[in-house]
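Chemist: Sharing a structure, written as structure tokens. Questions coming.
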């Protein structure tokens with residue numbers, strides 16, 4: 001039974017409307033939005049990652065799911081495994097605390113357990129947020145909607161690649177990998193208008209294909225419109241290969257929003273410095289088509305990190 | 001930094017009233033009660049445990065926390081790690097499904113991740129319940145209150161000991177260890193009257209000492225009043241040593257309730273077969289005193305599983 005078959009089995013016990021068919025990143029109970037993400041050493045973070053950044057990231061990736069639903073952070077429950085290196089653990093908790101404080105997310109409970117000696121660390125966080133009257137799902141997108149990205153693509157994957165080459169690497173790309181910033185304020189502003197919204201955690205193309213599948217439509221994406229940072233372009237260039245890397249890299253924690261074509265989100269009172277890029281549109285049919293200035297670009301074989309993590 | 005120091009550090013970011021000072025098993029947001037428990041292979045379950053029983057137990061231990069707050073199950077989020085043995089995974093999910101169905105707990109979301117090869121399995125569950133107008137904490141107990149236990153003590157620890165001697169062992173004690181039954185119905189009936197209530201997961205004496213510490217009082221416990229099953233007595237006898245084992249064994253998932261001395265819970269419409277035992281009372285001062293027919297019994301050095309799991 002592979003991961004998708006398992007999730008299909010889970011769907012059979014997820015018949016409550018709050019589950020949203022397990023097709024969304026969150027569950028919805030009344031006006032509360034809930035998400036649970038786990039991270040494991042050697043899979044979602046590196047042994048060399050500073051423990052405070054691992055704690056920060058655990059909180060931030062969950063907040064990114066709340067951001068995609070336009071929800072305000074309410075509270076979190078932490079699943080913490082005590083390791084043999086208490087200094088590491090202490091710094092990890094400091095990172096959790098820093099992110100909780102930065103985004104006004106009170107920690108209200110959880111569990112602390114021991115693991116067998118030498119087991120890789122595994123952490124979980126459940127984040128609870130409060131949504132507005134409209135909590136966008138993945139499934140409301142319509143042919144003709146414009147596709148927008150909030151935040152930058154590719155930085156985190158480029159930072160991770162740098163760290164794999166050189167564990168001492170640093171700079172803005174490494175920071176983007178280690179300390180993602182959840183797009184909470186912009187998510188809240190966009191939610192009332194978005195027909196569909198989700199966060200981009202596993203790669204733009206993979207997450208866009210999930211939005212399309214849930215919405216019953218396809219998408220045309222302009223690779224030349226992807227929001228790239230100066231640091232990314234300095235490291236990778238801005239050619240087709242670099243852009244395909246940015247579109248499939250994962251760990252971006254940007255937002256992907258489908259908005260009515262005639263709605264201009266740049267007219268909203270966005271936080272200073274918000275990066276918002278119109279990268280394409282939803283179309284009839286299904287699947288993705290990519291374009292750049294030279295015309296249609298073949299879809300890469302790998303759209304993102306399919307088996308790394310899957311919200312259910 | 002040991003576990004208690006870490007939890008003290010977490011308390012600093014748990015200032016929200018919903019956290020109940022991390023002194024309770026649950027967090028409370030409005031009328032919703034939330035709990036998160038993790039279990040790890042080699043720590044909370046054995047490699048030889050049938051996977052369906054591991055899935056059942058993960059759900060049941062979280063429901064036991066809801067039971068202790070008189071809460072009705074509303075929904076759960078599952079943190080699932082995919083292993084290399086897909087048959088094991090499938091049976092685990094069947095066990096989760098069976099417990100969710102048995103207690104009307106819809107699965108509404110969560111996360112599925114991979115672990116590095118050969119890593120011990122780790123699972124998490126967040127359970128959400130809806131409480132009555134009064135959600136008993138650990139901290140409201142008063143000197144003079146009677147202490148009651150709902151359910152049996154010692155069976156699970158005896159079953160675990162049998163499995164450690166003989167991995168093929170079976171019978172009601174092994175079942176008690178593998179398939180704990182959350183005391184949801186009785187918890188709901190007692191909650192409006194309980195001055196303090198919690199579930200007994202780490203051993204009666206350890207959990208009672210936690211209730212006393214949170215309530216600012218002590219307790220006198222009658223070892224000869226502990227609710228023991230016939231199977232337990234057949235295996236271990238009913239002497240002082242056996243009773244001390246039952247009082248410190250852990251994994252009971254019984255309830256411990258402080259009730260006004262003049263209140264008789266046996267007058268409630270309890271579900272058929274409910275086991276309810278008055279095992280002592282809260283007193284002034286602090287700490288526990290044990291008694292049996294022969295007089296005061298010295299407190300054992302180990303009150304329960306201090307470092308195995310700690311709700312925060």
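Here the Cβ of each residue, glycine as well, is placed from N, Cα and C on the backbone.
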Chemist: Which one, A:36, A:44, is listed by TrEMBL in the same substrate site as A:251, A:305?
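Modeler: The candidate from A:36, A:44 that TrEMBL ties to substrate along with A:251, A:305 is A:44.
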Chemist: Sort out for me which one of A:44, A:138 has the most neighbouring CB atoms within 10 A, since those are the binding-site residues we care about.
Modeler: A:138
Chemist: Filter the binding-site residues A:65, A:199, A:202 down to the ones with a Cβ under 8 Å from chain B's Cβ atoms, keeping sequence order.
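Modeler: From A:65, A:199, A:202, flagged as close to B: nothing.
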Chemist: Which residue among the binding-site residues A:35, A:201 has the fewest other Cβ atoms within 10 Å of its Cβ, if you could check?
Modeler: A:201
Chemist: Would you identify the secondary structure of residue A:35 (Mg(2+) 4 binding site) according to DSSP, in three states?
Modeler: strand
Chemist: Residue A:44 (substrate binding site): which of the binding-site residues A:35, A:37, A:65 is the nearest Cα neighbour?
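Modeler: Of the binding-site residues A:35, A:37, A:65, A:37 has its Cα closest to that of residue A:44 (substrate binding site).
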Chemist: If I restrict to non-local contacts, at least six residues apart, and a C-beta distance under 8 angstroms, what lies near residue A:199 (Mg(2+) 3 binding site) in its own chain?
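Modeler: When sequence neighbours closer than 6 are ignored, residue A:199 (Mg(2+) 3 binding site) has A:25, A:64, A:65, A:67, A:68, A:183, A:207, A:253, A:254, A:255, A:256 within Cβ distance under 8 Å.
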